[in-house]
Structure formats: structure tokens, C-alpha cells
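Only one structure is covered here, and it is reproduced in the block below.
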Amino acid sequence: MEFEEDFSGRKDKNFLKMGRKSKKEKKEKKPVVSVFTMFRYAGWLDRLYMLVGTLAAIIHGVALPLMMLVFGDMTDSFASVGNIPTNATNNATQVNASDIFGKLEEEMTTYAYYYTGIGAGVLIVAYIQVSFWCLAAGRQIHKIRQKFFHAIMNQEIGWFDVHDVGELNTRLTDDVSKINEGIGDKIGMFFQAMATFFGGFIIGFTRGWKLTLVILAISPVLGLSAGIWAKILSSFTDKELQAYAKAGAVAEEVLAAIRTVIAFGGQKKELERYNNNLEEAKRLGIKKAITANISMGAAFLLIYASYALAFWYGTSLVISKEYSIGQVLTVFFAVLIGAFSIGQASPNIEAFANARGAAYEIFNIIDNKPSIDSFSKNGYKPDNIKGNLEFKNIHFSYPSRKDVQILKGLNLKVQSGQTVALVGNSGCGKSTTVQLLQRLYDPTEGVVSIDGQDIRTINVRYLREIIGVVSQEPVLFATTIAENIRYGRENVTMDEIEKAVKEANAYDFIMKLPHKFDTLVGERGAQLSGGQKQRIAIARALVRNPKILLLDEATSALDTESEAVVQAALDKAREGRTTIVIAHRLSTVRNADIIAGFDGGVIVEQGNHEELMREKGIYFKLVMTQTAGNEIELGNEVGESKNEIDNLDMSSKDSASSLIRRRSTRRSIRGPHDQDRKLSTKEALDEDVPPISFWRILKLNSSEWPYFVVGIFCAIVNGALQPAFSIIFSKVVGVFTRNTDDETKRHDSNLFSLLFLILGVISFITFFLQGFTFGKAGEILTKRLRYMVFKSMLRQDVSWFDNPKNTTGALTTRLANDAGQVKGATGARLAVITQNIANLGTGIIISLIYGWQLTLLLLAIVPIIAIAGVVEMKMLSGQALKDKKELEGSGKIATEAIENFRTVVSLTREQKFENMYAQSLQIPYRNALKKAHVFGITFSFTQAMMYFSYAACFRFGAYLVARELMTFENVLLVFSAIVFGAMAVGQVSSFAPDYAKAKVSASHIIMIIEKVPSIDSYSTGGLKPNTLEGNVKFNEVVFNYPTRPDIPVLQGLNLEVKKGQTLALVGSSGCGKSTVVQLLERFYDPMAGTVFLDGKEVNQLNVQWLRAHLGIVSQEPILFDCSIAENIAYGDNSRVVSQDEIERAAKEANIHQFIESLPDKYNTRVGDKGTQLSGGQKQRIAIARALVRQPHILLLDEATSALDTESEKVVQEALDKAREGRTCIVIAHRLSTIQNADLIVVIQNGKVKEHGTHQQLLAQKGIYFSMVSVQAGAKR
């Protein structure tokens, strides 16, 4: 008995303190929720479950003290016999003795029945206790998950600006499972422990109050010490979690931006950033281990001291004939078990306390009522919206940057059915205006009205439903094309979808895809080209049949051909709708009814194209800038001959992925989502994780062997203390079963009491050392594993990240949970195992010496208990894997919704995501309920076995004593040594769930750590030539993306660029242009053919060396959430970049002045993924970043496509400056930007179709010529 308590005695005995004080104290030490609030989501059935479970737990708890009553009476029966055989001198007494022995056996049979009866009761109530509490918890957690997700979906955009997306995902997974841990069977165990406590004390007082009071005198000391430790511990737990949360955020950001990290060789830097955050968590963890173990050691010292005192006093009472020895034992054990049970309660209290902490954050978010409530039913829903819009004196600044005023008194009127174009420089408030109209934010002052009605009085959802939005970077969800369009409006029919798709000019390309409307678009739509995504987004907006259409640079990121098609679709869509267009390319807005010029947060001029050209204001300036430099660039808009388009669509399939890939660069960051949710869960379940042995896990910790040696030694000593206790205990009782004089009794009992005290001192020392050494080793291991896993993740090649199983969400979850779970299976757990083995081992050896017959009987029983434990472990381990997998599925849905929250909101699809999330929780929920029963059955069986073994043991013991084969003293010794030992083994089985999880986690970890990618970013092999001239050659290169092996991208591409030349790649969207850049960066290797650099094959070159000479600027640059200076310095991670260099690069990229104008200059943080900057600003920072590398080869992947005229002009100048003296490969949609390239190559269907200079190609009158004329035509 005593052992099982003592391990948990760890955080010990604080119960009394906590129960009473918790409310008061916790209030000051924010933030936890009150005890009853924890159960705010319990329905009546849950309450019933909890009630019945609690009753069962209380009955179960009383069983142990009751057994002590039986035990005491039984000891008296033995003792009365024990005093006889010594007088057995003659035959007469001999006969008399056999009567007595006969009577003893009879009595023992009765006691055996009592024991069995108690056991049978326990079998039933223990099952009810565990399964009912687990059921209640499973049901509540299911509700909490849904409520929490609902609450997140219900928040307004401003809330997301200030909350970290990664953190929300962690809360959804980790914090909710913490609540789960805290409100399930642990509470049942707590009530059980409390019942044992009260039961024990009641029996103690009724059977012998004097002794009880003496034992009680020591309890407050125990309670106090424990209470203090518990407080200290919980504060460490919080700090540790915070410390890891930071590291987790770093990991999420890095994995999301993995392409950027790889291209800039930032792995080392990121590893360091991650590692520094881990260091903090490790330090706190070690402190926590020390604290926990001092408290445990102290508790043991006090416990043994109380034994010493109790036995010393108890013997005095027996000698003075006040109590019988049986009474002393009953009182002693009942009170002791009672006191210990508080120790047992403590881990449960700790779990509950952790749960309260986790619930605080979660319930807070659930209770946070947004000021713009998208679920609200209130608000006016006009029957007929004409679409007259008015912005009156609008002032606004973003909640995350209140000091920066964006709009400063904006006034604008739009008549129903008009098209208004907003033009102006990047960052002047155009997009903000559109966001205010959708009520993603409310203005700080001023009114936005529709048909004269303040939009704040209109129902939010209704308002957003009458608005269709197409933005610059459309977000598609990881499902089919049809489903994506359905996100526009829920009850839309297939006919309506087809109609919308035709209007959006997307029907033809969809019908050419192998699965047509059921084609999966991939994470963030990664399998489609930009033009295709954009058209699907338009179809999605049209299917809503909106009264108001908002086009936020809907065509800026497209190439000429796609743009022509998309623009045509938009023009069709605008008919009869009030439309607000934001465009950088002014050609797209010439035919708007009103053009409004923005400057400095207000509208400075409005009128149509002709009027504004006469006014010669901002618009005029913008137009002139565009026409001067970019003759043709406007062209992108106009239609192409039908057959060209089909052609384009065919090819765009080929490399659908390529363009995408580029986009996904930035996108993937925002959307750790899987290819297809259905697939994710299924596949994940079949995932073959090689099983792994315990030793393999320990090996991970091998470098901490000195800690282990000390720890294991202490654990062995600790284990041996238990049998030592049994010996002393049986000797004490033995003193009274022998017929000796009082003086000898007094002397013996004093000696044994002293020995108890010595045991205490030893245990204090060994517990502390054991805990400290294993705790430290465990923390070092956790840190090392997280580091190794992260390091290994960063080492993988890009195709590994393309794999739907390795989305950002899935990987960050791995990092967060796996290492912690492995720690669970090493250090402290190993200590418990060693301790228990030592305990049973010494116990068995001693028992065999003192009474082999009884030992053998007991050893027959013990395995049954052990087997039950093993079965329990097996059942749970299968469960562990399934649990994890199933929740990953719902995690993906959640991450997708949270990451793309703006899109979800503007499509008013919060409800849809909630339903999907709820759907994905069904299976884990059903399994939780199933598990409750399994857990209940195994638990009750192991518990009840103990009582049955008591019955068998003492009945057989009586038989042996009667035959004079053993003395009662030895029966006790053998019994306590073996039974306590066995309980200790039960303890090992009780940690089954953790171990099962740890094995699964460890296999994952080892799988990741040992995975060597085909393109190894860390490899030191390969050539590192001293000079690099920059001659690039592609020879018959064949390639397709690993995730879509059936779609060829490059089909025998030949290209050559001489050093210092600028090569421009043009072609329709998805023809393989970006792929060229990715192959040169060695994100992928070609399937056939070779890429040469200065005549050497790139796969012969050292990867790091190769990438160090390439500078890349892509269409949607990814910035990290740190300062501008740090973002620029990221360009060269191989050295420390000085502030001068940073500024020089910034000047070259034309962004220095802008940075200097910011309040914090170069130390301004750019926000998550650079959200605090406009596109043009981000782009220039990205260019500065590429220049800091001083690359020999510059890769520009549509670096200016997403910019407005003014930014573009500036950026283009920066790029022209940057190209000087470098080999440069440019991918451009706007042909004006590449007229002066040394070589222009037209790619179609993955092959080169034409090449030459601008003039030569125009003379050929081929594909290039027609592209140029399309663009120029648009211009005129």
C-alpha cells in the first residue's frame, strides 16, 4: 500500500491546503479559472456521470481503511496464538494447542471471506469510478473543442492582428488536452483518495484516539511542506510553457517560410534562434525537477520519522495494556493510509491545476465577445440593396499599429451600379477602404453607409454576403475546385457553379483537368497556376451573386495571357453591380465611371479618365510614369484568340504547379494545410512508423550517463528501502507475539523505532539525488530532441515539405509534443522502473529466505496483477497512435481556417469550417468514449486483485502457522515485502499511457532525425570552385513535381546564359518558368538532363556554396517577424552583416528613405509575414535582402508584378541597378520590363519555342510578337 502512495507523494499532501485556500490564493496569482467554471460545459448527463462516478470513487476509497480493521482483528488472533507455543512443554498443552490452531484456521477463513467481499465490491465501483469520469471528460472536451473553435471563428480581424496564429493552434491542441488530463479519471482518483483519507481517520479515532492524535501531530508539518512546494512547482510549469511557446512560434514561422530559409541558407541562424528559446525552457525544467524532488525527499523523511514516533508510542500503549497489538496496527495503518492518500491526491490536483491554467486562456477567448460579431443575428437585413455606397469623413488606424493613421478623413460616394477605381501609391489606404466596407474593421471615426444606412446597423453576415471580394492573392482551400466555389455560397447548385465558372472564363481549363470539378487544388491552391486560381476566386465571388464587387488588384499577379482572360471575366462580372476596383495598372481602370486618387489617407481628386488627365494631378502623374517606362505593360489585360487560350490552359496544367510553387512560397506559410482533408486522416493512420525499443529511446540520452549512473544507484537504494521497511515492521509486531518480559519489549521497540528514522534520512538523500539527476537528464534530452528534429526538418529538401503529410501544422505539432513525450519515457520513468525492480527483487529474495512456501503462493498471484497491467498498457498504446492521428486531421482544418481567416470571414464561411471541424472530431470523440470503458475494466481488475491476494495469503499463512512451518512475524514480513513490491510494479503499469505515447513519438522523432534528403542542405561534399563566372546552361532538362508525377512540367528544356547577361523567360502561366529558377536553386533535381553552372553539373557542386551565389527575389516575398534590418541581413547568413551594408543595400533597393521615415527606422518590426508593410515596401526589402548576398547570379521571379505604378518604377530601377555586372534570370509577365534583356526566351509546354533579343523576336512575328501586341493593344 505504502509504496503506491509514496511515489505520488511527490507533490504531496498539499491537498488540504489547496482545497481550502486555492480560491483565495489563486485569485491573486492570476490566471486560472475557478473550480466550478472548469465544468461549465457539463450537460445534465455529464453531471450525472460525474455524480455517480464520485459516489463510486468514495465507496472505493473507503475499502482500504475497512480492510485495515479486518487486518487488526486478524493480527490479534495470531498474537493470541503466538504467546502459547513457548509454554508447550507437555502433551496436555500440545492438545490444547491444536484446538487453538484449529480455532485460528476457522477465524482466518472468516477473515478471508471478508477480504474477498471487499474485493468484489471494489471490482464494481472502481470500474464505475474510472469509466464514468472518463466519459464525462470526453463529452465535455468535445464541447470545449467546438466552442473554442467557434470562438476563434467568431473573433474579428483586429483580434487576429494582435494574436499569434501559431499560438492559437497550440491552444487548440495542447491546452485542450491539458484540460482533458485534468477533468477526467484524475478527479475520480482524487475523490477516492479523499474518501480513503476520511475513512482512515474515522477508523483511527474510533479504534484508538490517543495513538491517532500522536500520529496526527506530525501531519500538519507534512501538509505545510507539501503546500509550499506545490505553489513553487506550478509557477515553474507556467514559465516553462511560455518558454516553449516562444520556441514553437519560431519553428512555425520558419517551417512556413521554408523555401526562403533554404534559398538564403538561413538554417543555422534559425536553429540558433530556436535553440535559444529552448535553453530557457530547459533551465526552468531543471529547476522544477530539483524543487519537486526536494519536496518528495522531505516528505519521506517526515513519513519515516512519524513511523518511528508512532511505533515507539504504540509499544508503550501495548505494554501498559491499554491497546492490543492489533488495535495499534489498525490505527496506525488506517491513519497512515489516510495520510498517504492525500499524497496520492496531489498529482491529480496538479493535473487539475494545470487544466485550470489552460482553461483560463481558452475560456477567455471563448468569452471574448468581438465588437463586430459575424455570428450575430441582430442588425437590419434590407430586402433590396441598390448598392449606393458612401464613406463619410473616415479616420482609421489598424489596431495593431494605433499610432499610424492610415485614413485621415476619407470622403467618397459611389452610385449604384457604378465602377469606382481607387488609385494611388502603395500603402495609401486603398485596401483599407475595401476592408472597412466589409466591416472587417470599424473606422475610428466617420460612417460607412450602404443605401444611406450606416453599415454598423446592418447584420454583419448579411452585409458580407452581398459583397463579393477578389483579392490580389486569392486563398483557395485544400479541397476540390467545386468545393472551393461552394465556399462562395452554401446552397449553390452544380448548374450555378458551372454558370459562375463560365462567367469567370474558367470553364474550359477546368474541363481539361483529369478530374474536372473534383480536382484537388492542394494546400492554398498550390496545384493551380496564378491565373487559374484567380479565375476560381472570381467564380467563387460571382456565385454569391453579390450586389457589390470589390476587386483588390485582382489581376496584378498574372501574366499577359491569363490577365487578358481574367480581366475579360471581371468586366463581365462588373455589369450591373456596384464595383470598387483597386489597381496598380491604370490601363485596367480607364473605363471606370469614377477614378479616385488617394494620397496620404484622403482622396485628393476624383473624376473619369479624361477629367483627371486634364487636371494633371496624381492620376496624371501615375499614368505618365506608366506610359513612359512601361509602354506595353498595361497590356496584360486583353483577350487572346480562343485557341491561344486553350493552348495556355493545356500548358498551364503542365506546370500548374510551377507558378504555384512560387506563390506557395509565401502562401504555404499561411496555410499549413493538407492536400485533402479526407486523405490526411486516412493516410496518417496507415502511416508505417517503425516500432522502436526502449533501449533505442534511452540511447538518445546516452551522453548524460553520469547522471544516469547516480540516478540509477539512488533508485536501487530507494527500491531496497521498501523491503527494509518490511523487515523492521514485522520485527516490531514480532516483539509482541513473543512471550518476553516488558523490559525486553521496551528495549526492542526503541531500537526498531530508531531504525525507522535512519531509513527516513537515507530516503531524503536518495530521492533528491535521483530526482535531480533524472530530471536534468530528461530536460537535456527534450531540448536535444527538439533541436535535432528541427535541425533535421530544416535539412530536408523542398519536395519533402511539398508532401501533404508534412504541412507546417503537422510539423509544429510534432515538435511541440513528441520530445516532451519521449522525456516521459526516459529519465523519471526509468527511475521508477529501476526503483520498482529493485524493490521487488530484494523483496523476493528476503521473502524466500524467511518463508518460501508463502512466497511461492504470493508469487503465483503477483504475475496476475502484472499481466493485467501489461494488457492495460497494450490496449492504451494502440489507442495513443490513433488519438494522435485523428486529432491531426481536425488540427489541419483548424489551422487552415485560422491561417486564412480573412478569406473565411469575407466569404462568411465561418459556419462551414465549424461544421467541418465538428465532423473531424467525431471519430476521436467516439474513441474517447470507448477508451473510458477499457480503462475502467483494467483499472478495477488491478485494484481488486490486491484484496483477493490478501485473502489467499493470510488464509494460507494461518495454515502454515498452525503447522508451525512459519511464525506470524515472518508471515507479515513476507506478505509486506511481496505485496508492497507488487504494488510498486503496479505503479509501473500505471505509467503505461505515457510510455505508449512516448514510443510512438520516439519512432516519429527517429524517423525524422535519420531521414537523409536527396538534396542535403547540410552536406559538406561537392565542389566549391574558387571563382564563379555565372554561365548557366540547361541541357535537355525533364522535370515534374514529385507531388504531381503525372503532370510533366519541363520536357527537354535547353537554355544558356553567358556571364553578365540578362536572360528573360516569358510564356503563359504555368509553362515552367519558375521551375527553371527552382532547379537552379536546387530545390529539386531534374528527372533527366542536366543543369550546368560554369560547365559543372549543379548536383556536383556543394549545395550551400551554390545557393550562396544566387540571390532570389520572388513575386510574393516572405519576410520574417523581426526588424527590417534583420530581414535585410538575412540575405547573407554566413557572416554578420554590418549596418552600413544593410543601409547600402536598402539604398540600392530604393527603400532607405522609406525606412528612415518610420518611427523606429531600421528597428521597425515588419509583423507576422510582413503584414505591417505594403507590397511594394516588402518587395524592396526583399531586393535589399538579395543584394546583401552580393550574388553572382540574380533570379527575379516576377519581382514587380504585384506592385503599383510608383512602387514598380522605383523597384524596377532598383532591379536594373542590381543587374549590372551579374548574370540575371528574369521571369516577367509585363514585357516592357524585359525589353532590354540580352536574351529573351519563350517557353511553351516545357520547351523553348523562340529565343533572341526583343527586336529579333518582334521580327519573327511569332508567339512573343503576339504577346507584345496584345499588351500594347491594351495600352492604346
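Placed from the backbone N, Cα and C atoms, the Cβ positions cover glycine too.
Here Swiss-Prot flags 44-66, 114-134, 184-205, 213-233, 292-313, 328-349, 709-729, 754-774, 830-850, 852-871, 932-954, 971-992 as transmembrane segment. Annotated N-linked glycosylation site per Swiss-Prot: ASN87, ASN91, ASN96, in sequence order, evidence recorded as sequence analysis. The annotation ATP 1 binding site is assigned in Swiss-Prot to GLY424, ASN425, SER426, GLY427, CYS428, GLY429, LYS430, SER431. What Swiss-Prot records for 653-682 is region 'Disordered'.
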Taking the transmembrane segment (709-729) as the reference, which of 44-66, 184-205, 292-313, 830-850, 932-954 gives the largest number of Cβ pairs under 8 angstroms? 830-850
Please work out which residue of GLY424, GLY427 has the most C-beta neighbours within 10 angstroms of its C-beta, and give that one of the binding-site residues. GLY424
Test of understanding: applying the rule of at least three C-beta pairs under 8 Å (pairs 6 or more apart in sequence), is the transmembrane segment (328-349) touching the transmembrane segment (184-205)? yes
Need a quick answer: max count of Cβ pairs under 8 Å to the transmembrane segment (328-349), which of 44-66, 114-134, 754-774, 830-850 is it? 44-66
With the transmembrane segment (754-774) as the reference, find which of 44-66, 830-850, 932-954 contributes the most Cβ pairs under 8 Å. 830-850
Candidate with sparsest Cβ neighbourhood (10 Å radius) among ASN96, ASN425, SER431, the listed recorded positions: ASN96
Cβ contacts under 8 Å made by the transmembrane segment (44-66) with residues that lie 6+ beyond its boundaries: 1, 118, 121-122, 124-126, 128-133, 135-136, 139-140, 187-197, 199-200, 202-203, 334, 337-338, 341, 943, 947
Residues that sit under 8 angstroms from GLY429 (ATP 1 binding site) by C-beta distance, when 6+ apart in the chain: PHE396, ILE406, LEU407, LEU410, PHE598, GLY601
Does the transmembrane segment (932-954) make contact with the transmembrane segment (292-313) through 3 or more Cβ pairs under 8 Å, each pair 6 or more apart in sequence? no
Same-chain residues at least 6 beyond the ends of the transmembrane segment (114-134) whose Cβ lies under 8 Å from its Cβ atoms: 49-50, 52-53, 56-57, 59-60, 63, 66-67, 70, 184-189, 191-192, 928, 931-933, 935-937, 939-941, 943-948, 950-951, 954
About how far apart, in whole Å, are the alpha carbons (Cα) of SER431 (ATP 1 binding site) and ASN96 (N-linked glycosylation site)? 105
In three-state terms from DSSP, label ASN425 (ATP 1 binding site) for me. coil
If one measures from the C-alpha of GLY427 (ATP 1 binding site) to the C-alpha of ASN96 (N-linked glycosylation site), what distance in angstrom results, rounded to a whole number? 108
In three-state DSSP terms, the structure that LYS430 (ATP 1 binding site) belongs to: helix
Across every protein chain in view, the count of C-beta atoms other than its own within 10 A of the C-beta of LYS430 (ATP 1 binding site) is 24
